[in-house]
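Q: Sharing the record's features from Swiss-Prot:
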TOPO_DOM  1-13  topological domain 'Cytoplasmic'
TRANSMEM  14-34  transmembrane segment
TOPO_DOM  35-44  topological domain 'Periplasmic'
TRANSMEM  45-65  transmembrane segment
TOPO_DOM  66-78  topological domain 'Cytoplasmic'
TRANSMEM  79-99  transmembrane segment
TRANSMEM  102-122  transmembrane segment
TOPO_DOM  123-130  topological domain 'Cytoplasmic'
TRANSMEM  131-151  transmembrane segment
TOPO_DOM  152-156  topological domain 'Periplasmic'
TRANSMEM  157-177  transmembrane segment
TOPO_DOM  178-203  topological domain 'Cytoplasmic'
TRANSMEM  204-224  transmembrane segment
TOPO_DOM  225-234  topological domain 'Periplasmic'
TRANSMEM  235-255  transmembrane segment
TOPO_DOM  256-269  topological domain 'Cytoplasmic'
TRANSMEM  270-290  transmembrane segment
TRANSMEM  291-311  transmembrane segment
TOPO_DOM  312-324  topological domain 'Cytoplasmic'
TRANSMEM  325-345  transmembrane segment
TRANSMEM  348-368  transmembrane segment
TOPO_DOM  369-382  topological domain 'Cytoplasmic'
Amino acid sequence: MSTYTRPVMLLLSGLLLLTLAIAVLNTLVPLWLAQEHMSTWQVGVVSSSYFTGNLVGTLLTGYVIKRIGFNRSYYLSSFIFAAGCAGLGLMIGFWSWLAWRFVAGVGCAMIWVVVESALMCSGTSRNRGRLLAAYMMVYYVGTFLGQLLVSKVSTELMSVLPWVTGLTLAGILPLLFTRVLNQQAENHDSTSITAMLKLRQARLGVNGCIISGIVLGSLYGLMPLYLNHKGVSNASIGFWMAVLVSAGILGQWPIGRLADKFGRLLVLRVQVFVVILGSIAMLSQAAMAPALFILGAAGFTLYPVAMAWACEKVEHHQLVAMNQALLLSYTVGSLLGPSFSAMLMQNFSDNLLFIMIASVSFIYLLMLLRNAGHTPKPVAHV
């Protein structure tokens, strides 16, 4: 049986369109808020509202899939995200956008969970890793193309919202021509998410996902604002964000190979150390291109390596619950990161964005170094 079946290819095609829309809004919303003369802490709170929606969406989607299946859950989540996009044009204001970004966050998280769960159920133990790798590549390529779009098209609010909403709805079309079946549903309800979060031997992976959420949530939510405060134009901001994301794309395959060859613990240590170096380099402002590149290459690949670490520590039938727990951990980090970073930037200096990223990374590095002699054999492979 082929790994990349027709339903899988159509699912990933729809995801690519949705990711384009998500990436464009994630870059432009902080800039639109700044243009409305909102304070830095308000920008951070709106970003956190989006990630709060992610948290709620992640918790709800399992129930939705069980009730209406993968296809209808995908349609519903796309419609919710489209509503969150269109709603931004109804009324411009802090409280209004706080609500609409929450709605968009719910829809976005539901899309992620539906697609990830569909791929898990479509695959086997032999090809599931390739399916999830394809998913991550599509996600990052879509994000990269979205950043390029920002640098090439008008960034005015009412110019962007119509085609972004249309792109979201177009992402539904591929799934109209296929049906994704849940062939292994009976194996997915045996383990609770709470049990996975409490699993001691997987704690490094869970903590890694939280740290990854803090780092990427802060970069996604506040890097455009940081560059804007430095006098960078909107078009150039899109370019620099594309540099950041492209580094994450290019880093996926080699870092994954290195983790398989030399062990995930060693690779995690090196990744976190490189994130610290990249953050320090950003403070100097002397070489932003290489600094952003190494930040992207190390930061964007931290989540999959930490996820693989945690998944090694569980039985095969627990993999889905563990993946859900890791996504929740990442979302919590994404929620905390922008809020705390925005408060520091508002009250002290924009440079504290990178000091905060370096600090939490250093704490995680200490956790990794404490486990120097603890390298248990893997139980499950995806």
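For all residues, glycine too, the Cβ spot is worked out from N, Cα and C.
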Q: Is the transmembrane segment (235-255) packed against any residues at least 6 beyond its ends, judged by a Cβ distance under 8 Å, and which are they?
A: 23, 27, 31, 133, 136-137, 140-141, 143-144, 147-152, 155, 219, 223-224, 227-228, 267, 271, 288-289, 292-301, 304-305
Q: Given the cut-off of 8 Å on Cβ pairs that are 6 or more apart in sequence, determine whether the transmembrane segment (14-34) and the transmembrane segment (157-177) share at least 3 such pairs.
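A: With 3 or more qualifying Cβ pairs, these stretches touch.
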Q: Counting only residues 6 or more past its boundaries, what in the same chain has a CB within less than 8 Å of a CB in the topological domain 'Cytoplasmic' (256-269)?
A: 133, 204, 208, 301-302, 304-306, 308-309, 312, 365, 368-369, 371, 375
Q: In the same chain, who gets a Cβ under 8 Å from the topological domain 'Periplasmic' (35-44) while lying at least 6 residues past its ends?
A: 92-94, 221-222, 225, 338-339, 341-343, 345-346
Q: Examine the transmembrane segment (204-224) against the transmembrane segment (102-122) and state whether at least 3 Cβ pairs sit under 8 A, considering only residue pairs 6 or more apart.
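A: Taking Cβ pairs at least 6 residues apart, the transmembrane segment (102-122) and the transmembrane segment (204-224) are not in contact, as fewer than 3 fall under 8 Å.
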Q: Restricting to the topological domain 'Periplasmic' (225-234), what is the model's mean pLDDT?
A: 84
Q: What counts of helix, strand and coil residues does DSSP assign across the topological domain 'Cytoplasmic' (66-78)?
A: 13 helix, 0 strand, 0 coil
Q: Checking distant contacts: for the topological domain 'Periplasmic' (225-234), what same-chain residues at least six beyond its ends satisfy Cβ-Cβ under 8 A?
A: 28, 30-31, 34, 40, 43, 150, 155, 240, 285, 345, 350, 353
Q: Same-chain Cβ contacts of the topological domain 'Periplasmic' (152-156) under 8 Å, 6 or more residues past its ends?
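A: Residues 28, 31, 234-235, 238 contact the topological domain 'Periplasmic' (152-156) from elsewhere in the chain.
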